[in-house]
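To start, the structure itself, in structure tokens.
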Amino acid sequence: MKDFKRSRRLRSSAEIRGLVRETNVHISDLIYPMFVVPGKNIKREIPNMPEQYHYSVDQLKEAVKEVIELGIKAIVFFGLPENKDEDASEAYAMDGIVQLAVKEVKKYYPGILVITDVCLCQYTSHGHCGVVKGGVVINDESIDKLAAVALSHAMAGADMVAPSDMMDGRVGRIREILDKNNFKHIPIMSYSVKYASAFYGPFRSAANCAPQFGDRKTYQMDPANRLEAIRQVEADLEEGADIIMVKPALAYLDVIREVKNGFSAPIAAYQVSGEYAMIKIAAREGLIKEEESMVEALAAIKRAGADMILTYFAKDMARWIRRNQ
Ligand code: PBG
């Protein structure tokens, strides 16, 4: 009699499981998000995001050294300005917080890939990602400002810009202004498929950027939509995006896969603050095992089709990979 399929043969030892493992997260897949604040001598843990910190610019030399020593090749900067205003003027100031952070890191570590988040929400008094007039976020004025932000980041030495605002046409406008100013070589990683997600909660307190009225649903995507994601990606590639991002990650693995199958552009996925906090805090409460949950979630994101992952776990994951792979 024919025996049944013995699937367990290939699960019988760690060695054999290693041989047949289909997905491995590599350190070179990881992008580490960092928050920069005004002031001096500041390394302050962010409430709701255990083990993530607000750094003042002078602390970056030390902080980025650790990242590099772990083998991580890329970081993404988020800035908290000194003052917010209607115009988001510190977002595109040459001595703005992100611009200073980029210069500082590039001075010590020219080899690390420095990506900058391009948005207005941390910098506007109302906390929206664009220009507000009469209670409405105005698209076309917003993209002019976003282009100015991206240009100022490139001038400061950023290697890549990553617009996260979700205004229409911003990728094209950023490409145009970069090209005109001799930054043809700077890639755009577009937050193309960014959902209006509750999982951004901890980030909004970390970046102090919660909208002061209304919500982001007039520009971020409805979590219920899949085909809309395809249209976003088509538009962004047409406008010149080099890397496409899907955000958040774990609740949108189907969308990552769909975008991966439908397009040849590299895909980034952002494991957002809420995804990070859920694992960290549940583990602290003894409900789940932290490392195993981290590895499982990141492998799932990679398996779904992400070529790279923005994650607050980057350092923890790099340590795990060094020990286990
Ligand atoms: C800014 C921005 C947000 C995140 C990244 N860039 C917040 C938002 O859109 O409200 C979220 C990142 C995270 O939750 O880790 N537009």
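Glycine residues also receive a Cβ, built from the backbone N, Cα and C atoms like all the rest.
Within the same chain, residues at least 6 positions away in sequence whose Cβ sits under 8 Å from that of Cys121 (Zn(2+) binding site) are Gly127, His128, Cys129, Asp165, Ala207, Cys209, Pro211. Marked as Zn(2+) binding site by TrEMBL: Cys119, Cys121, Cys129.
Proximity of Lys194 (active site, schiff-base intermediate with substrate) to non-local residues of its own chain (separation of 6 or more, Cβ distance below 8 Å) is seen for Ser164, Met166, Gln220, Met221, Met245, Lys247, given in sequence order. A strand conformation is recorded for Lys194 (active site, schiff-base intermediate with substrate) in the three-state DSSP classification. Summarising the annotation, TrEMBL assigns active site, schiff-base intermediate with substrate to Lys194 (among others).
With a 10 A radius on its CB, Arg216 (5-aminolevulinate 1 binding site) counts 23 other CB atoms from all the protein chains. According to TrEMBL, the feature 5-aminolevulinate 1 binding site maps to Arg204, Arg216.
Among the features that TrEMBL reports, active site, schiff-base intermediate with substrate is placed at Lys247 (among others). Its Cβ taken as reference, Lys247 (active site, schiff-base intermediate with substrate) is surrounded by 24 other Cβ atoms within 10 Å in the chains shown.
When secondary structure is read from DSSP and collapsed to three states, Tyr312 (5-aminolevulinate 2 binding site) falls in the coil class. Cβ neighbour count for Tyr312 (5-aminolevulinate 2 binding site) (all protein chains, 10 Å cutoff from its Cβ): 26. Per TrEMBL, 5-aminolevulinate 2 binding site is recorded for Ser273, Tyr312.
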Conformational class of Ser273 (5-aminolevulinate 2 binding site) under the three-state DSSP mapping: helix
Proximal but sequence-remote residues of the same chain as Arg204 (5-aminolevulinate 1 binding site) (Cβ under 8 Å, at least 6 apart): Ala210
Length of the line joining the Cα atoms of Ser273 (5-aminolevulinate 2 binding site) and Cys119 (Zn(2+) binding site), in Å: 17
Cβ-based neighbourhood (8 Å from the centroid) of the Zn(2+) site, residues Cys119, Cys121, Cys129 excluded: Leu120, Gln122, Tyr123, Thr124, His128, Gly130, Ser164, Asp165, Cys209
